[in-house]
Structures are given as structure tokens and as C-alpha cells.
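What follows is one structure encoded as C-alpha cells, with my remarks underneath.
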Amino acid sequence: MADPSASLNLVEACWRDLVLGVVQGLTEFLPISSTAHLKVVPELLGWGDPGVSVTAAIQLGSIAAVIAYFRTDLSQVLRGVSRAFRYGQWREPEARLGFAMVVGTLPILVIGLGIKFAWSQGYEQSPLRSIPSIAIVSIVMALLLALAEQVGARSKQLDVVLGRDGLLVGLAQALALLPGVSRSGSTLTAALFDGWQRADAARFSFLLGIPGITIAGLVELKDALAASPGNGPLPLLVGIGSAAVVSWLAIDWLLKFLQRNSTWLFVAYRLVFGLLLLVWWGVYGSH
């Protein structure tokens, strides 16, 4: 699918990618689906679907933000894993967290690369990326998050994470390849079902997303740049930069919010978002 920015001049392309970066930054780490909003917002603004490559490449800004925000945590994880390999200290919390991150990345890595190299064209044009599909998925995920909020024990903390926790949350992360699911939403929901405290669940979700989103962004970066040869890399850099700044703010806000509040705000938002999309599609999209 051709990138609509190919028909935009440099200023228009920079403005479009700036907006996409802001949308990406606001929605990547909140459990409301960045993919859905990056599909819907450009459609509403008349830009058309920017495509998988552009949206994946702009996610690199979010990854830069999460790496910078959690630089101390990541440094501790790397040191813990290093000690585990040298001295066999795999019971240390940092080593177990690193192992859980690796195990949790495998599902989305395998499935994501499979889609990229075996079903790329079909995925771009799949009904799964349609507005009604995104709306229905958003509503279903809202109901699952509501159930997790109700039944979750909210006792598990990040320092007791095990490989099985990483695999469970990692499988949920792989579901986010379906537009509308929300990587943050699916991982947060799975972690709540597994008995995690809200803020620790969000923290692990952010850390777990680093490898998978980084790989996806780098894989798609070449295609994203090739999609708009006339404007060069500047628009994409603007999008990545705005995504980084807004992502940092969103991470900081969400962690503080979940220390004091439940996820019901996001449940309500996703229900309303999904219902409004169905109404909009029924009025305008089905004709």
C-alpha cells in the first residue's frame, strides 16, 4: 500500500507526521491502542491510512522514550543478567526480570516476523484493519480489562517476576498485532488477571515492549522511508521526535495514575471509542 504522504509536500508531510507522532505518544503506553488511533485519526483528518510501515517506524520515538525513562531499571537488568551468566545467580530479581523480558518477547517476535515476511500485503489490506473490526476489538478488550480489574488479586510485584509471567504477558502482547487490541492494554489485562499490582503491571508492560517494538520499527523503517522518496527522512524524523516527547509524558502520567487509581477510566474510554467508531462507520463508512 502506498503511503499517502507521497502526494504531500514537505511541510504537509511534516505536519502529518508530527500529528501522528503525538497520537502515537499519547496512545502507545495508555491501554487504548495506538494502532487503532493511528488508523482512525488520519482517516478522520482526510489523510488516509498511513500504513503499517510508517506507524511502526514512528514507534521508535516511543521506544527512545521508554529506554530513557527506565534507563536505571534497564541498567540493573543488564547487570543482573551479566552476574547470572558469570556466577549462576539466576534467582536475583534483576536476572529473573531480564529472563522474563526475553521469554515474553518471543511470541510477538515470531508472529510479527511471520506476518512481515509471509503475509505483509494481505495484512495491509486485511479486514482486520477495517474500522468496524477495530471498533469491535476495542469493545471486547474493554470488557476484558473490566473483568481483570474486578477479579485480579493485585498483590504481585515486579521483584517476584518469573519466566512463566513473562510468557503469559508476552502471549498477550502478541495479540496486539491485531489492530484495536492495544499492546499496553492486552499486557496490562493479562498481568491483572495474573494478580499483579497495577503500577507494576504497567512497568513490566513498558519494559517488555522494548525489544519487540524496536525490532518492528527497525524492520519497517526502510519501507517507511521508501514510501515518501520526494520528502526524504525529515517528516519521519519529526514524527519520531514528537512521539518520543509525548511518550515520555504519557509514561510518567500513567505510572503515577495507576498508583492511586484503577483502570476504569480506560475501560470507559475504550467502550465509548468503539461504539462511536461503529456509529461513524454506519453513517459514513458503509456507503
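Every residue, even glycine, has its Cβ placed from backbone N, Cα and C.
According to Swiss-Prot, the features are:
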TRANSMEM  50-70  transmembrane segment
TRANSMEM  97-117  transmembrane segment
TRANSMEM  131-151  transmembrane segment
TRANSMEM  160-180  transmembrane segment
TRANSMEM  206-226  transmembrane segment
TRANSMEM  234-254  transmembrane segment
TRANSMEM  264-284  transmembrane segment
If I count Cβ-Cβ pairs under 8 A between the transmembrane segment (50-70) and each of 97-117, 131-151, 206-226, 234-254, 264-284, which range comes out on top?
206-226
Can you tell me which of 97-117, 131-151, 234-254, 264-284 gets the most C-beta pairs within less than 8 Å of the transmembrane segment (160-180)?
97-117
Taking the transmembrane segment (131-151) as reference, which of 97-117, 206-226, 234-254, 264-284 has the most Cβ pairs under 8 angstroms?
264-284
Remote residues contacting the transmembrane segment (234-254) - C-beta distance under 8 A, at least 6 residues beyond either end:
5, 10, 13-14, 16-18, 20-22, 24-26, 28-30, 54, 57-62, 64-66, 68-69, 202, 206, 224-225, 228
